[in-house]
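This report concerns only the one structure given below.
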Amino acid sequence: MSAPPIRQPIRILGIDPGLRRTGWGVIESCGNRLVFIGCGSVEPDNDLPLASRLLEIHHGLAKVLAEFVPAEAAVEQTFVNKDAGATLKLGQARGIAMLAPALVGIAVAEYAPNLIKKTVIGAGHADKAQIQMMLKILLPKAEPKTADAADALAIAITHAHHRGGALLRLKAVQA
């Protein structure tokens, strides 16, 4: 009789991209157990030109990647709003959020906002207060100081629950 497989903890970085504030959250997942590792946000100087703000986001995420050394990363997909200019700028911040982990060889999964809410809360249309309340249950040691950091933790939790399918899709696209 063979022994059951040993589950190794996997460190996951969740990123909630934004031009004013990019949230990040790091958890470890082992089976169905989640452990809070860290969270915060990168807040570039809004008075800087766009390219400099994007560079600050990249530098901030690079520091997080170096400090916490995640094995996988996940980013929230962008929704399109009425302001096309704002959507394009958010897309640029999202590009940086996907590029930073990719530059160090980390696969990046993407999740729709409704799937993140459904995974964490159980319903696809939840507000930020509901997400923060559920984070206290799922990650009792987490005390995110910003809604963006809380959202990033929710993204990491979503990846922990859906990572098998997301990684298979990533490998299929890369093949």
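Glycine is treated like the rest: Cβ placed from N, Cα and C.
For ASP16 (active site), the count of additional Cβ atoms within 10 Å of its Cβ stands at 29 [all protein chains shown]. Residues or ranges marked as active site in Swiss-Prot (evidence: sequence analysis): ASP16 (among others).
What Swiss-Prot lists as active site is GLU76 (among others). GLU76 (active site): 24 other CB atoms within 10 A of its CB, across all protein chains. A strand conformation is recorded for GLU76 (active site) in the three-state DSSP classification.
Per Swiss-Prot, active site is recorded for ASP148 (among others), and the stated evidence type is sequence analysis. Take the CB of ASP148 (active site) and look out to 10 A: across all protein chains shown you find 24 other CB atoms.
Here Swiss-Prot flags ASP16, ASP148 as Mg(2+) 1 binding site, drawing on sequence analysis. Under the three-state DSSP scheme, ASP148 (active site) falls in the helix class.
Per Swiss-Prot, Mg(2+) 2 binding site is recorded for GLU76.
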Would you mind reading off the Cα separation of ASP148 (active site) from ASP16 (active site), to the nearest angstrom?
6
